[in-house]
Every structure is written in C-alpha cells, then in structure tokens.
Amino acid sequence: MGILNKIFGTYSERELRRVNPIVNKIEALDEKMQSLKDEDFKLKTEEFKSRLEKGEKLDDILPEAFALVREAAHRTIGLKHYREQLIGGVVLHQGRIGEMKTGEGKTLVATLPAYVNALTGEGVHIVTVNDYLAKRDRDLMAPVYEFLGLKVGVILHNLNNEERQEAYGSDITYGTNSEFGFDYLRDNMVVYKEERVQRKLNFSIVDEVDSILIDEARTPLIISGQGEKSTEFYKVADYFTKSLIAEKDFTIDEKANSAMLTDEGVNKAENFFKVDNYADAENMEIQHHVVQALKANYVMKKDKDYMIKDGEILIVDEFTGRAMEGRRYSDGLHQAIEAKEGVRVERESKTLATITYQNYFRMYNKLSGMTGTAQTEENEFREIYGLDVIVIPTHEPIARIDNADVVYKSEKGKFKAIVDEIVERYKKGQPMLVGTVSIEKSEMLSSMLKKKGVPHQVLNAKYHEKEAEIISHAGEYGMVTIATNMAGRGTDIKLTKEAEEAGGLMIIGTERHESRRIDNQLRGRSGRQGDPGESRFFVSLEDDLMRIFGSERIQGIVDKLGLAEDEAIESKMVSSAIESAQKKVEGNNFDIRKTLLQYDDVINKQREIIYKQRSEVLEGEDLKDQIRDMIRDVAYTAVNSHISGVEEEFETELQNLVNYLEDICLPKALVKVKDISNLSDEEIKEKLLEAVENIYSNKEKEIGEEQIREIERVILLRVVDTKWMDHIDDMDHLKQGIGLRAYRQQDPVQAYQFEGSEMFEEMIYNIKVDTVRYLFHVEIEKAPEREKVAKETSTNYDEDSVKKQPIKKENRIGRNDMCPCGSGKKYKNCCGRMA
C-alpha cells in the first residue's frame, strides 16, 4: 500500500484532485460577486430556488452559490472562506466526512453546504455536542444566512413545542444530537399531528462527528417513565456484595468491564438469600441485582465513571469528562451505584421510546460530518454509515512538534516527572494544557502543583459551567490548565504574542487513552493555524491501557533495564507496542458497536413499521376500514385458537370461546353455545362476526360518526404506544439473556432476530385485541374536543417531559373496567383517579 500511495497518492489526495476544478470555478466567480449590491443577495437566493424548481440540480448551481456565500460572509462577519475551506464545503455537500484540524474554521465551512442544501426548502440540521456550541454557532453565522434571505433557528433544551416548531421550520436549524434525537422520539408519541415539531430528515452536518457517531454510538437515547418496582432489593444486594472478598468470592474482568461470582461466592449468595440453586431461572431477579451490585462496587469508579453532586449520581462522559445531567445508567446499574454511595435510590425507569444515534442519523437523506480526527475510524464510518473520510489540507503548515512518549515504571514516578516538566516550562512562561483521564487524576495533579506553588486552572465535570471561559484563557502566557480528556472541545485556544514567543501551547498527556483518536484530539489543541506548539505523552506501566492490554514484552524490557521509579525510557518499540495495544482496543470496541447495531437493527425495523403506521393514523382521520378489519381478525383468530376439532371437547371449547369474546366485544348472553353448536367453523366465524359488527354499528349511530372516528384514532394510538413500550422492555429482557444461546451452539443474533420477530407478531395481534376491547367498552356522552385532548396530551419539554399523560375523557366506564386510554390498568387506577 505504501508504494502505491507514493505513486498514485492517498485516497484523500486522489479525491481532492476531483474537487479542485469545482473550487477553481468558485474562486473565478469572486469578482462577479464583489460587484453585487447588498440587496442583490436575497434576489440571487430566489433565483437559485427558481432554477431548482425548473429542474436544475444542486451541483449545477454549487459554484455560484458557494461564491455567493463566500462574499456574504465577507460583508457580514468580515470572514472570507479561503481555498481549503471551500474544499471542505464541497466535501460536506457530497455527503462525506471532512477531517479538518483544530482552528481551521469548521463553523464557517458549514455555511457553504448548509446554504446550498437549504435552497430545496426541505431543511438542514447542523449538529453540535452541546447547547453552548449550538447557540454560539447559530449566533455567529446567523448574519450570513439572513443576509442571503434564509431563516435560521436553534434547538435548545428549554424550548417549548411552539418554539421548537418555529426552529425546525427554519431553513437551517442548529442543535445538539440529543435534542434532535429526543424530538424525533417525542414526535412519534403525540396524539395529534399538530403537536409534531420536526419535518422530514433531509440533510445533516454533524460537527465533532467522531464524538457523536462513534463515541456515543453505544449510548441509546431513552425517553423513560417511572417504573413500578421497589428499590429495597438494591440495598440488600449492596449489603451482600460489600461482604464479599475479592478473588475469593468474585473476580473482575477489566477488559470486559464486569465482575462475576466464583463458586464460593455463589455458595455465599445461596446462604444469604436462602435459595437452593442461585443459577435457577426463578432466581433471575436475585442474579440481576447481585451482578449490578458487583459492577457498581468493584468496577465503577467514583470521579472517573460517575460523580456525586447534591446527593445525586451523575454519569461522567468517558470521552469528554463532562457530567451528563439527566442521563442515567439503564438496567438497574444507576440504582446499584446509588445504593453503594448511600444516596436516595430512585425507582427503576420504564422505557417509553428509544433509538440509538447510529439508527437516528442513518435516517437522513444525506449525512456529512466534520472533525479534527476521523481517519483512524475510517473503516467504521464507511461500514456503518456509508461515509468516506477526506483529509482536508491545512491553510498553514502544522508547526507543532510531537515528541516521543516517555515511559515510567510506576504511576508515582510518572506524575513526579510530569510535575517537574510543568514547573520547568512554567518558569519560562510557556502555556500548558495537561490532559488527564479522570476527575480523580486531575485533582491529584492539582494538589501536587499547589505544593510546588504553580498557579493553574482545573477543568473537569465539576466545573462544567466555566468550561468555554477556562479553555479560552489556556493560550495565555504562563497559564497552566488541567483538563479531563476532551473537555472544552469546540472552543479555540488562541495564543497571545508572549505565549507564542515562549514556545506556543505545550500539550502534556498524563496517560494514553484506549483510542488513538482521543490522543490525537488532545494533541490537536496545539498548533492551530500554523501556531508553534509541542506535545508529549507520559506513560507508566501501571496505566490501565498498559496494564490491561499492553504486552508482557514491554514489562520484560523494563525489568531487564532495572529502571528506578523516576527513570524513563524513550523507545520506538515501546511507542509501537502502545499503538498496537490501542489498535487492539479500537478493533474490540468496533466489534462491540457492530454487534450492538445488529441487535438494534432488529428493533429498528420494528420501530420503523410501528412509527410509519402510527404516522398514517395521525395523518388520516378515517380509520373505519382498519377497525372493521381488526374486529374481523380478532373474531376469526379467536375461533381458530379455541376450536381444536376434537369432538369430545367441542362444547367446552365453544363455551371458552364465548367467554373469551364476551371479555372483548360481545355483550353477556347475546350468543349462547346452543346457538352455534350445530354450525361449522366457518359458519361460527360468520355468525360471531355479524353479531359483533351489528353491535359496533349501533355504537357508531349512538355516538355519531365524526366522534367515533376521533375516539378510534385516540384509542388506537394509546394502545399502540402502550404495547410498543412493553415490547421494548420484552426485547430488552430477551437481549439480556440471549448471549447464553452460544452455549447451545446457536447464533445469539439469529436467535434474537427470530424470537424478536415472533414477539413482534404477537404484539401486533395484542394491539388489535386491546383496541377492539376498549372501543367496545367505552361509552361517551360527549366527544373529546380536539383542543382539550391536544392540551392534555401535549409533550412538555421540562424535566417531567418523560411522564405519560393520560387522556381525560367524559366516559361512562365502570371503576373496574380496563381504562380506555390503553394503559392496561383498571379505570379506577388510571384515568379514573383524575375524575
């Protein structure tokens, strides 16, 4: 490959040769654009829209449109896209990932493809990692878009429904990945189409694309409601787990991030919980709580994986070091950590709707992304998202010096050397950014520097609010900044003149991350736009990466050299061993994400079917034919499942059939066994169907056609939502235990697909049964007024937005009847409580 690259150039270089002629055309139009009057810019936008309506393609107008944006940016915000930024814009428009180094002006680059793709009127989403960046980027670039006659909006966490609809109705919408994803899920939970906020997913430009599509890929978006299980057992399991002895009662697998009981531990569990066989299926609940308590106590680390703030457990993002407010670990792990730390144990939540970022972003017609570091994950982008990575050349050559790693025998020796290095460089006024892997490590280093009298600022999850401000000062003369991993990403570090003369920004990595990309991101904070700078990583054999994944050869070499604690080695062999350990972990993580996607694809196909049908119900008012089909299916399936054809059991089967249908749609004693005992199966079906249809026709006349159609819609939507929520839970439980199928020589993914498909068919049938049951049992004096129901079922975007709001209707329903809202509860325990 190396020789071929030398002859033909890398893939990126070959692709850039194709882009260059387009960029030449854009630059050639510069003079023409300069001659335009200010008022001409909006007219040009209208002209482009008209040309597109007449059949021209976006690519036909691209050179002129890009040249127009370039001049508009120059006139409004004083910035003119340089050649490399124009290249980046073309790459993004083509639906690719542009790798652009820190400080190359990604925010400005996005204006080019955003403008061109917004001309179709179908909307463009520009995605960033947090609210601060979304608002900042919108505010910076809004003058450009507005000068061109486009409307620009931003989605922030605290917006209400109307504000969201307005923002999504804009030509270009800025927002965070989580807000876009949650809005999609909420849109598929509404009862009236007027409540939906998003339009169709057209074109998305994802900033920090590696962070969102790879680092976040394993974290599903979940809208949840309060579960009903008690939390007491988490405390019991925690008490038991704290009595265990490491290695004797349980073992820890650091590679898999899990802990397991040994045989001795199992014996202790059986004695403690007073069960005969811990592994028995009926003890699954105990196993589940013990596994989570083990993980909470012996795998999850405080101030690394999570932190405590105001008596609440907050997850710490392993890639950014940010506290993830509002996020909770699923499957009871969060509750287990709460029990471990002695804070209030919240109830386990029930999933109402969920999707992964992988599947959300794959729904866009066109997807593109920008980041400073994507090449190491090129295979994953191509395989999962169909995106290729093009490395965009920098405007100025990179002047940063990347030094070789220095390796120490112990962590203590390493940190002593880091402090010495900081003190030395501080004396000459060189600014430093020191990257740590956890809050705990950053605070330890901070206290060591305090003892040495070195003033510094600390940036980690605990000081999240000041993030952008702290990072913006990191390039000043003599400034020392300690930051967990990638905190402050998206904010430029600009050097002062004195800092530049002192050698530029020095990056010190206190540990190698398991991903080369994260290390490259840290390095990339220095040397922006040709600035001077330097970087070096300090590594010890006690670091997690070296301990868990490093080879024994390195340990052997260090032992032979007989290194003292504070002596270091710089060796190419050690550096390449570190890199191969990282590649091993990256490959392992990619495989995990790929397997998770195979599982998620099963429920994703089911989600698409449910949401598509749900959308059709929202759009079309008249469900008469669908409801009639459901009534027929329920009646026919009941006959088929109750009558076996065995003559001796015929009378009993008929009685069971009548009882079953009386629970769903037949009034008591309307059909007697003797009336149908002499009929064939087909005749029984016809007779029962005729009786049921007559009852429903009478109900329709009694309530009125318009009102019954409205009730059908609301009840069907509620039943679909309730059954879908239960199905998500069932699929999750299936997935938890499916890995064990490998012991039976079964492919777990295939088993999940097959059984998941059967469960889905069963859910579809249960939707029909419950819809028919509620429609036959509901008696309404007054039809639900659209506005009233819309108000009562609207999605709120405050902290309680995940709670399911029951529909209130003026019904004549018995207190012990099933509630017609579709919750599956009795009326007295559901909407009846509100009456």
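Positions of Cβ are set from backbone N, Cα and C atoms, glycine also.
Noted in Swiss-Prot for the protein shown:
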- Q85, G103, E104, G105, K106, T107, D492: ATP binding site (BINDING)
- C819, C821, C830, C831: Zn(2+) binding site (BINDING)
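Features recorded in Swiss-Prot, as mapped to the structure shown.
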residue	record	CB count, 10 Å
Q85	ATP binding site	25
G103	ATP binding site	21
E104	ATP binding site	23
G105	ATP binding site	17
K106	ATP binding site	23
T107	ATP binding site	19
D492	ATP binding site	16
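In the three-state DSSP scheme, E104 (ATP binding site) falls into the coil class. Spanning the residues Q85, G103, E104, G105, K106, T107, D492 that the record associates with binding ATP, the maximal Cα-Cα distance equals 17 Å. Sitting within 8 Å of the Cβ centre of Q85, G103, E104, G105, K106, T107, D492, and not among those site residues for ATP, are the Cβ atoms of M100, T102, L108, V109.
In the three-state DSSP scheme, D492 (ATP binding site) is classed as coil.
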